[in-house]
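Engineer: Here it is, the structure in full.
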C-alpha cells in the first residue's frame, strides 16, 4: 500500500486569497491609517528583504494593532523565527509608528501575496503586496502527482474528490534525496494530540478533521477480539481501476462472516469476490473506482473489524500548455490549455495564488471537454503576471503582459475665472474610456454633495455648483494607469466688502485716552483687496503711533496711547480687480475728567463741616457721573474716602471728624471712563463746638451797690477749650442785657458793681471759646440789690466731731466751712491759748477756714477752739486732734520661775505709750548658742506670761515688744539672765577644747601647665594656691615681675589665680612664674608659654617693641627654622 509523500515546504503555507478582490478594495477607499504602505518587492533565493508600513499616531491615544498575513488568513506572528522577524518602533518627535517585516534567506516557496492590516478602535486599514522570489538555475524536479492527493470527504457524495493544494507551487520544490515513505496514519495514531496540527501541516493534510474522525473511530475499534485471530489493516490504498484484497483470519472457522461498505452489506458479484482458505476469509474488489473509496468492516458473530480504503485517481497530464500573451488594457484575454481527460479538475494560479471561479471574481474559467480556458473580460494593468495551470500530473505557465493604449487628449481643460458663488465646470475628453482622478493643488478630490464628478465614455467633468474662495487653485485630471495629466487653473474672484456689523451706532468706536486701540475690521474679497486708511487728507502708513495692519481676512487700525486729538472720522477703502468698497469709522477718544477746583469749606461744626466746589472745566468727553470726596488730617499724608456711592451734587457734608484736629478735603470727578486726578486740597479747618452752658449759677453775696455771682464750669467743654465767661445783667422789666465784664473772666465768680440800691436785676452767664459763646445760664429769680445780715454758722464736718487722730510725721489739713454775712471774723485757740502760727498755719476765706500742719508732732495734740463772729453774733466749735506714735519698750523683764519645760516671765508696761493705748505685747525667745530669735506670742495683753514646750538642755533668753495702734515698739526689753531648761539627774559637764590653729604657709594645689597660644588671640594661665593668712600673689615673666603692664590682667578668686595675656605675639613667649607669699613662707610654680604665628619686624616695631629685642627675637626665630631643617 503506497503512502503520501512527505511535504518539504517551508513553515508557511501558501495563501489562497484572490488578489484581485484586495486590489479592488484598496482602489475603492482611501487609506485612513497608513501614511506609508508596504510595496511589492522581488528578492533572489537566499537573499533578505524588508517591508515597511508607517502609521501616524497624531490622533491615536494608544498603539494601533498591526497584523501581517500570507494569503487570506495565515497570521505570520506565529511564524516568526529564523527566517521571519517582525519589528516595530515609535518616533516621538514625528509621532509615527513604524512596523517592519524582515524576510531572511528567502526561499522560493516564500513568494506570493501578502497583506498588512492595521486597526484602532473602529478604524481599519489594509494593504496587499506581492513578493517575487527569483527561481534558482537548477531544473525543477519531477513531481509524483499521485503522492500529493488527499481524501476530502468521509463517505459523503463528494468522497474521493482530490484536493490539489499540496501541489501548489511545486516549481518551488528543490531536488532532494529520496526518503522512505511515511505512513501518516501510523504517525497520527501514535502522536500526541498537541502534535496533530504540526503533522498535518508537514505532510500536506487539508482534511485533518475528517481524518481524525476516522482515526478516532479506528482507535475505538482496536481491541483484542475473540472471533478474529488476525484483523484488517487500519487502511488500504489502491489506484483507480486496480484491485484490492481484504483478508481476516478467524479463530473459529464455523462463525458466519459478513462484509459491509459504509454500513451496507456486500453481496458476491463480479466486482466483489469472496474467498475462503482455511481460517482466512478474503474479499477482492475489482476495477476500483472513486465510489469504492469508503469505510469497510466485517462482522463475525457479535464482533466487528473495520478498515479504510483510499482510491487514488490516475494523474491528469497537460497535453497542450499555456502560451505567453500580450494585450492592451480593456481587451478580452483568453488563456487556454488542454489536458489528458475530459472535465478534469484543473487549478489556475496567478503569481502562485490560486484563482477561483466565483461569481464576483473578475476571472472566469471555462471548461470544454479537455480544453480549459481562463477568461479576463477587461484586462487591467495589474493583470500582468505569470499565470499557471496545474493538474495532478503536470503543470504549465505563461506570462501575460497588459499594456496601455496610447492616450490622446481630445479636449483639454481650460483655465477659468469665476465669481464667488458661481458654478465651476471643468470638462475634458480623452481617447480612451478609462477612469481617472481629479486633483487640486496635488491633493486627491473625492466626490461629495458639493463636488460632483462625472464620467461618461471618454468625457470627464468636474462641477462645483457654488464657487468658494477655497476652490481657487490648480486642478488636474489624471487618467488611471497613464502617466499623463491634464491641468488647468481656476481663479475665484469676489468684490471687496467691509463687514462693520460689530461697530456701534454710526460706526462709532470709543477708546479711552492712553489705551491702545486695535480696531479689527473683517474684510472679504478675492483676490485679497488692497486696504487703505486715511484721516482727512492724510494717509495712514503701516508704521508710527497711528498705523494700519493688513491681514488676508481683516485690516487693523492701531493707535498706540490714544490721545484726545485722535478723535474724528477715519476712512477705510478696499480695492481689487472685482470692485471697491469704502466706509467712514468715527473714532471717539474719551478720557477721565479734569480735576475740580479746590473745594471751599463754608461751615464748621463740632464733628462736621459743609464743603462746596465747582464742576471741572473739561469732562473728558463723557458726562460727569458724580464725585468722590476724601479728607485727611493736616499733619497726615493718608487720605480717607468719605463716600462709596457717587455724590451727584457739588456740595457735601463730611461727618465723624475729631473736634480740635485740623483737616483738609479734596474732590475727584468721575465719568464713564474713570476717576480724575484729585483737586487741590481745601484750606485747613478745625471742627470746633461751643461749650455747654455754665452750671449751678447762684448768688454768692449782695451789698447795697453790688451783687456777687458764682457758678460751676460747663459739663461739656470740648476740644476748643474754654477761654472765659461773660456775665450779663438787665434790670427787671427791661430786655436790655448789659455786659458786666468787658473782658472775659476765667474765674467762676464775679461781682457786679455800681448797681443802684433797692433795684432788682436778672443775671445770666455764658461760656466762651474759639467756636463762640455757649447758650446762657440764667439765674431763676430777680436779685434785690440790698445787703442782708446772715448770722454765723460753723458747718463742722462729721469726721471732726470726734477725735481726729494722725500719726507722727503725717500731714494735717482740715477745712471747716462756715457762713455769715457780712464780713465774718474767724479766730482759733489751742487748749485755751492762742495758736503758735510758726508751727500751725491758719488760712481764712469768706466761706471757710483751713488749719494746716505739714509734719505732725505729738506736741500738736490738743483741743482746738474755733469762733466765727458777725457783728454782735458768734458761733463756736471744738476739734480734738490726737497725734500718736509707736510706744517705747516694756520696763524690766524678769524670769520669775523655771520648771520642767516651762519659764514664767513678768514685766512692766512701757513708760511711753506713744500717746495711744497699749494694745498688746509680742514675746520672743532665743537659744543661747545661736541667738536666733523666734516669736512665741503675739498681741498678748497681760504683763506676765508662761512660755511652754522649751527644749530640755537648752538655755534661753527672752525679749518683749510693746504694741499700740501704730505698731510694735522699735526696741525690745530682754531678760538679763538666761533660763536653763535642765535635765533631771546628773548635770553634764562640757569638755574644754583648745582652739585649732589654721595657719599654713602657701602651697600650690594646681600647678601651671605649659601652654601654646595663637598670636593675636587672648591667652590665660591658671593655677590654684592655698595658705593662711591669705598669701600675696605675684606674676613674673622670665624672672621679671610683671607690674603696671596693660597687656596683662591678673585675677585671684577663692584661691584660683589667673594671668590673662591680651593678644599675645611671639615676643610674649617665655617662662611665666606665679609666686605666693605670706608671713609663714612662700611658694612658686612656673610654665612655658609658646606663641604660634611669627610677626614681621615692622609689625613688632609698630607695636612698640624695642629694636634690640626685636633683633634678638628674629635671630631666635631664624635659628629655630635652621634647626627644623
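From the backbone N, Cα and C atoms, a Cβ is placed for every residue, glycine too.
What TrEMBL shows for this protein is this:
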COMPBIAS  1-10  compositional bias 'Basic and acidic residues'
REGION    1-31  region 'Disordered'
DOMAIN    314-401  domain 'Ig-like'
DOMAIN    595-694  domain 'Fibronectin type-III'
DOMAIN    695-788  domain 'Fibronectin type-III'
DOMAIN    792-880  domain 'Ig-like'
DOMAIN    889-984  domain 'Fibronectin type-III'
DOMAIN    1002-1086  domain 'Ig-like'
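Tell me what's around each of these sites.
Structural biologist: Secondary structure by DSSP for the domain 'Ig-like' (314-401): 3 helix, 46 strand, 39 coil.
In the predicted model, the domain 'Fibronectin type-III' (595-694) shows an average pLDDT of 90.
Look at the domain 'Fibronectin type-III' (695-788): DSSP puts its residues at 0 helix, 45 strand, 49 coil.
Residue counts for the domain 'Ig-like' (792-880) under DSSP, split into helix (H, G, I), strand (E, B) and coil, are 6 helix, 52 strand, 31 coil.
Using DSSP to sort the residues of the domain 'Fibronectin type-III' (889-984) gives these counts of helix, strand and coil: 0 helix, 49 strand, 47 coil.
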Engineer: How do the residues of the domain 'Ig-like' (1002-1086) split into helix, strand and coil according to DSSP?
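Structural biologist: Reading the DSSP string over the domain 'Ig-like' (1002-1086) gives 3 helix, 54 strand, 28 coil.
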Engineer: DSSP-wise, what's the residue breakdown of the domain 'Fibronectin type-III' (595-694) into helix, strand and coil?
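Structural biologist: The counts are 0 helix, 32 strand, 68 coil.
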